[in-house]
Amino acid sequence: MFKRDVAPAAPEPVQAPVQEPVPVPVPVPVPVAAPAPAPVPAAPSAPAPVPVAAPTPIPAPVPVAPPAAAKAPAPVEEEEGEIVPAAPPAPEQKQSWMQRLKAGLSKTSTNLTTLFVGAKIDEDLYEELESALLVSDAGVEATQFILDALKKKVKSEKLTDAQQVKAALRTLLIDMLTPLQKPMVLGRHQPMVMMIAGVNGAGKTTTIGKLAKHLQAHHQSVLLAAGDTFRAAAREQLTIWGERNNVSVISQESGDPAAVAFDAVQSARARGTNVVMIDTAGRLPTQLHLMEELKKVRRVIAKGMASAPHEVLLIIDGNTGQNALAQVKAFDDALGLTGLVVTKLDGTAKGGVLAAIAKTRPVPVYFIGVGEKIEDLQPFNAEEFVDALLT
Ligand SMILES: Nc1nc2c(ncn2[C@@H]2O[C@H](COP(=O)(O)OP(=O)(O)OP(=O)(O)O)[C@@H](O)[C@H]2O)c(=O)[nH]1
């Protein structure tokens, strides 16, 4: 979900020339949209003029909601106290989305729902629940927390029926996951700079493509940066997404990913683009030199715009189980994550890892993905997610 500030952000003042020269090799522009006629003023490190989409004026403040919001219309409180009315969801879209989410999480939901059928409330039930939660990748800490809290609830509310216990579990899980449900706020910075990280194949590039579409639906102009300078295929993939969405992609054949990121920020500032999304090459948290490189990308982005990056997103594959939690911790320690996107919840994902994240490293989950199509990325909604797990 996105929230938009009421007043559009004024362009941030251009930085003084960087003290430490940042090596910016001349980028190879990939003109997707028609090149704008005006040349881009030279950045401190003087990248060549880069054709980007014509500047999109910042739209007048409008109430913004996700195009296919999962929840029924409900007012959403802005951080500044402004109320942004949510748009009603498209019923067909919502239905198919829920079906895919349920299908993706069916392994866990089957385990969790069957154990309550005709069950007595005794130690056996709690043991079976413990196994089901552990198998779902919730991890020991979150599993123990859920069991303890449920037992307390059963006692204090004097529950006697297994279906009541299931309902209590539902409430408990929703309470646990709701802190992860935070909207991404748009319009605070001009441009808003997003850095995207994750392990190989997590779905970074695909997510960027889908997000670009979502952002455009919220009247945001977008620029993409192909920060994966190692793999030509990754650059090509991003370029294809750029073409699909009619947005420009800053790319160069080889070289320093930090330079590509810097160049993209400068181009977006010069052109008045609303959002820059910077792709990065996949890496494992154990590849320390690559994690250092990622930190450098972050530092160099800040040299181009002091307040940036405004969002540092980690993309995690929902099928990686408990390892996803280790990824969240490592990338958060290295970069200071502002949000997560959990992809591939349509596969063999078990879903419990979100409980583990909520318990041990509660980084907001902005979006979840249940497929490769643009509409398969939707804002995370705790209640909807728990219902997919428990029905
Ligand atoms: N089923 C399914 N597939 C997805 C989803 N998101 C991404 N994929 C697929 O996962 C594969 C990897 O996605 P990429 O976007 O290339 O992943 P990446 O993290 O950019 O990969 P690297 O550049 O190798 O690090 C592609 O085949 C995508 O189509 C999803 O939500 N569901």
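The backbone N, Cα and C atoms fix where each Cβ goes, and this holds for glycine too.
Some features that TrEMBL has for this protein:
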- 1-48: region 'Disordered' (REGION)
- 7-19: compositional bias 'Low complexity' (COMPBIAS)
- 20-48: compositional bias 'Pro residues' (COMPBIAS)
- 198-205, 279-283, 343-346: GTP binding site (BINDING)
- 364-377: domain 'SRP54-type proteins GTP-binding' (DOMAIN)
Surrounding residues of the domain 'SRP54-type proteins GTP-binding' (364-377) on its own chain - C-beta under 8 Å, 6+ positions past either end: 1, 68, 93, 97, 100-101, 104, 180-184, 203, 206-207, 209-211, 213-214, 313, 318, 338-346, 354, 357, 385
Counts of helix, strand and coil residues, the domain 'SRP54-type proteins GTP-binding' (364-377), according to DSSP: 3 helix, 6 strand, 5 coil
Fewest Cβ neighbours within 10 Å, where candidates are the binding-site residues Lys204, Arg283: Arg283
Cβ under 6 Å from ligand 1: qualifying binding-site residues of Gly201, Lys204, Thr280, Arg283: Gly201, Lys204
Per-residue pLDDT averaged over the domain 'SRP54-type proteins GTP-binding' (364-377), given as an integer: 90
Secondary structure at Lys204 (GTP binding site), reduced by DSSP to three states: helix
Site with most surrounding Cβ atoms, counting all protein chains shown within 10 Å, from the binding-site residues Gly198, Gly201: Gly198
Cβ-Cβ neighbours of Leu345 (GTP binding site) (radius 10 Å): 26
Thr280 (GTP binding site): tally of other CB atoms within 10 A of its CB: 28
